[in-house]
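Questions regarding the structure given below will be posed in turn.
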Amino acid sequence: MSNRKFGMEGFGINRQTSYSFERSQAPQRLYVPPSSRGGDNSEDADLDNIDYMENEEAEEDIEEGGSAAASGGEVDEIDPLDAFMEGIHQEMKSAPPPKPKEKLERYKDDDDDPVESYLKAKKDLGLTLAADALNAGYNSDEEVYAAAKAVDAGMLDYDSDDNPIVVDKRKIEPITALDHSSIDYEPINKDFYEELESISGMTEQETTDYRQRLGIRVSGFDVHRPVKTFEDCGFSSQIMSAIKKQAYEKPTAIQCQALPIVLSGRDVIGIAKTGSGKTAAFVLPMIVHIMDQPELQRDEGPIGVICAPTRELAHQIFLEAKKFSKAYGLRVSAVYGGMSKHEQFKELKAGCEIVVATPGRLIDMLKMKALTMMRASYLVLDEADRMFDLGFEPQVRSIVGQIRPDRQTLLFSATMPWKVEKLAREILSDPIRVTVGEVGMANEDITQVVNVIPSDAEKLPWLLEKLPGMIDEGDVLVFASKKATVDEIEAQLTLNSFKVAALHGDKDQASRMETLQKFKSGVHHVLIATDVAARGLDIKSLKTVVNYDIAKDMDMHVHRIGRTGRAGDRDGVAYTLVTQREARFAGELVNSLVAAGQNVPPELTDLAMKDGRFKSKRDGRKGGKKGRGGGGGNKGVRGVDFGLGIGFSSESSRTPSSKAAPSRSGAINSVRTGVMAQFKNSFVAATPSNPQNQAYPNKRPSLMGFVSGGTIGGDMGRTQSQAPPVAPTQNASSHNSSQNHSQSSENRPRERKRRSGWDN
């Protein structure tokens with residue numbers, strides 16, 4: 001055994017100078033090259049081929065030791081392990097140090113920690129989205145939707161200062177519109193309506209009176225008369241059975257006028273109060289339209305496309321469409337966010353005749369090639385104003401660009417801002433506008449009760465006191481403006497043994513659908529929700545709506561209370577709690593109650609008078625001031641006397657200060673009446689002078705002339721002699737030209753295709 005010393009410089013080798021050979025083979029022959037030894041070494045040929053000495057210095061030491069042994073007869077012992085380790089040590093000394101990896105060096109930088117940077121970016125993104133939602137005026141649920149859409153769509157970019165900004169990719173990456181001129185579409189039939197004798201036999205005056213009773217106003221060319229029963233529409237026995245199964249006794253106002261127009265293949269702009277039955281007005285004609293088309297082949301469909309702004313409304317329309325489609329075995333698919341894209345993809349790939357979707361998810365499915373619009377010919381945009389308010393205009397345009405130009409397009413909504421009308425003109429062809437009631441007006445079938453309370457602290461005790469009586473009448477829907485308030489009300493009502501459920505944006509789609517299903521089935525009697533449930537929620541057992549918090553605007557208020565009093569049910573009641581600090585909303589609420597013919601409590605009027613704008617307008621209506629807004633002639637919103645409500649008397653409001661007003665207003669009305677009569681005669685001179693005394697033939701030809709949406713009544717039949725004598729010379733010339741036009745029109749064949757008043 002050798003004595004080894006280990007130092008920092010490596011292995012040290014100390015050996016004795018002589019060695020006594022007691023074995024038959026010398027150990028050094030394994031490590032000395034054959035060239036340095038004499039004799040035959042064939043027995044060790046396999047060992048001689050192994051290069052143990054890779055270091056040149058080690059080889060020199062061995063050669064010197066070998067020669068010394070040969071000459072002096074004495075050989076130094078070389079331990080194999082020591083030699084091997086010495087070679088490794090020398091290699092380590094001569095090898096260059098390894099280069100540090102760039103990635104590892106970057107991770108060692110404390111100022112650029114990837115985890116810290118990621119968390120910081122996420123935090124900045126959340127702050128940016130919150131600021132955008134605040135600036136956009138979103139409510140609690142819309143804020144959730146906006147943030148989710150931004151994150152899901154990857155709508156994140158950075159400015160020059162590396163601040164995260166939200167970029168709406170809907171405007172950057174729309175679906176390219178199809179080149180319809182290069183596609184050979186199969187011709188389709190859109191006109192399936194034939195008037196029955198009971199409808200075609202109505203005179204113009206009878207039609208006008210009937211529309212007045214329904215509160216219908218129409219504008220457009222060749223407007224069909226409204227029907228009175230579902231049988232007047234000519235539906236098949238299968239559809240009539242489905243209608244009776246749903247307990248539909250008679251059509252609502254919007255259905256009376258819209259059904260014959262849609263069945264005749266015309267585009268429609270339908271504006272009706274919430275809960276008026278708009279869904280059936282476009283679903284029933286859609287089924288007739290689809291049944292006239294050839295059956296779908298593999299990888300074809302849909303034929304009917306319905307777009308809605310929210311998941312809840314899309315699901316509600318989906319359920320309604322399934323009820324009526326079951327009679328013919330038509331397949332209906334619902335496509336909206338919150339559900340599995342994979343499952344929706346498979347369902348669409350299997351084929352369907354009707355698809356109900358939100359615009360965003362439908363765009364996703366189109367990009368995934370889950371469906372094609374080559375067979376689509378019936379498009380419905382429901383709650384169109386809400387879609388445009390939520391920024392869905394690019395998606396709507398993209399969807400429209402995928403559907404054939406000669407499609408039938410229907411646009412239904414409860415309100416119709418000017419920007420929506422402008423867009424409607426671009427995507428609709430020669431539409432007929434049907435308005436039931438005032439645009440954006442609350443449903444008159446709903447009894448509205450307003451309670452003015454000192455502060456928010458009195459809301460919960462009031463609800464706990466009134467809720468048992470409300471539940472006795474039916475289910476109750478409570479609206480709150482914040483998610484935290486919803487959770488608080490749910491907890492308090494649960495402690496008081498009420499069967500309640502909550503619905504807001506923080507709950508996932510599956511949970512929300514389960515909550516709605518339990519509420520509809522009677523498991524829960526009270527539903528507390530934010531405005532996410534305000535649109536499209538149709539529950540027949542719902543009798544009471546409570547506005548625990550006021551809505552953000554009157555349009556949302558109208559949609560909230562419209563969840564009760566559905567389809568003409570006059571038993572609905574809507575309660576609204578208003579605090580002393582909500583004077584501005586109180587003024588708007590007074591105007592809404594007046595327009596709907598509801599009672600205005602004095603305490604609400606007193607609160608509204610604290611709002612400067614409302615007070616100045618009211619003073620202006622009274623005519624007590626000569627300045628801005630004065631001389632209003634005691635007229636309120638939409639020309640309704642201020643204070644009109646239950647028990648209001650117009651005579652009691654007259655004051656001596658307004659005696660001079662009638663002469664001025666009478667002159668203005670005379671001029672207005674003369675201009676309107678002249679305008680209408682230029683359009684309807686082709687009709688007989690006395691339509692009241694003449695009955696129409698059994699098979700009514702399409703009406704000629706434009707029906708103005710400015711009036712409800714039958715002013716069109718008024719003769720020129722009834723107009724006031726404003727500018728006699730001009731009126732006489734206009735009257736003569738109208739008569740000449742009438743004579744020439746009677747001899748000229750009627751053309752169905754004419755430019756409408758909607759064309760620019």
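Backbone N, Cα and C define each Cβ position, glycine as well.
From Swiss-Prot, for reference:
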- 41-64: compositional bias 'Acidic residues' (COMPBIAS)
- 615-628: compositional bias 'Basic residues' (COMPBIAS)
- 750-760: compositional bias 'Basic residues' (COMPBIAS)
- 459-608: domain 'Helicase C-terminal' (DOMAIN)
- 1-76: region 'Disordered' (REGION)
- 90-113: region 'Disordered' (REGION)
- 604-638: region 'Disordered' (REGION)
- 647-666: region 'Disordered' (REGION)
- 706-760: region 'Disordered' (REGION)
- 382-385: motif 'DEAD box' (MOTIF)
Mind tallying the domain 'Helicase C-terminal' (459-608) by DSSP state, helix then strand then coil?
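Tallied per class, the domain 'Helicase C-terminal' (459-608) gives 75 helix, 26 strand, 49 coil.
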Sort the residues of the motif 'DEAD box' (382-385) into helix, strand and coil with DSSP and give the three counts.
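Secondary-structure breakdown of the motif 'DEAD box' (382-385): 2 helix, 1 strand, 1 coil.
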The domain 'Helicase C-terminal' (459-608): mean pLDDT?
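Mean pLDDT, the domain 'Helicase C-terminal' (459-608): 85.
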